[in-house]
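> Look at Swiss-Prot and you will find His97, His99, Glu103, His141 tagged as Ni(2+) binding site. The Fe(2+) binding site feature in Swiss-Prot is assigned to His97, His99, Glu103, His141. Residues annotated as site 'May play a role in metal incorporation in vivo' in Swiss-Prot, with sequence analysis given as evidence: Glu96. According to Swiss-Prot, the feature site 'May play a role in transmitting local conformational changes' maps to Asp102. The site 'Important to generate the dianion' feature in Swiss-Prot is assigned to Arg105.
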Amino acid sequence: MSRLRIYDDTRPESPLLDTQDGAIIAAELQKIGVTFERWQATAPVAPGASQEEVFAAYRADIDRLVAERGFKSVDVASIAPDNPNRAELRRKFLDEHFHKEDEVRFFVAGSGLFTLHVGDKVYEIECVKDDLIAVPDGTTHWFDMGDEPSFVAIRFFTEPDGWVGHFTGTDIAQKFPRYVPTQAS
């Protein structure tokens with residue numbers, strides 16, 4: 001189940017809010033310009049599935065979003081717990097960074113933790129299968145897939161180059177707990 005925890009950015013041990021209610025998650029994130037929606041992942045795909053398999057399963061949804069929002073590039077992050085490069089892949093996203101475009105992800109399997117740093121608050125969003133999240137450009141954040149990553153997310157970009165992170169150089173991400181999934185997705 002999706003989960004949102006909100007913290008003061010100096011108090012990682014004490015959440016100000018901890019909820020699994022989808023309506024509350026969406027409302028709290030909307031306050032900071034983040035879109036959170038529950039969709040239906042209609043085609044079964046397993047973590048580790050190829051980009052081609054995921055594209056084939058979700059072609060209609062991908063085409064619709066590209067047409068509606070003007071995305072120029074789409075790819076798939078699909079990582080299974082037995083991936084030999086999982087530790088390296090995890091490290092790539094663990095430090096605070098931002099993008100010069102919205103970060104839009106649709107989770108079609110598994111789960112991962114987006115952590116946003118907005119003002120003096122930290123928002124941890126556990127995204128699971130059926131979650132769509134759109135983080136506005138310029139929002140500082142990090143992503144943790146856990147020690148044994150198990151997820152498939154379709155990633156949408158307005159820039160043709162795809163994922164380009166601009167790292168802030170702060171250590172805030174190290175001050176917050178690492179991701180341990182609350183459910184098997």
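Here, residue 1 is simply the first one shown, and the rest follow in order.
Glycine residues also receive a Cβ, built from the backbone N, Cα and C atoms like all the rest.
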> Take the mean position of the Cβ atoms of His97, His99, Glu103, His141, the recorded Fe(2+) site. Which other residues of that chain put their Cβ within 8 Å of it?
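Same chain, not in His97, His99, Glu103, His141, Cβ within 8 Å: Phe98, Val135, Thr139, Thr140, Trp142, Phe143, Gly165.
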> Given the recorded positions Asp102, Glu103, Arg105, His141, which lie within 10 A of Glu96 (site 'May play a role in metal incorporation in vivo') by CA-CA distance?
His141
> Please report the Cα separation of Arg105 (site 'Important to generate the dianion') and His97 (Ni(2+) binding site) in Å, rounded to an integer.
16
> Please work out the number of neighbouring Cβ atoms within 10 Å of the Cβ of His97 (Ni(2+) binding site), leaving out its own Cβ.
21
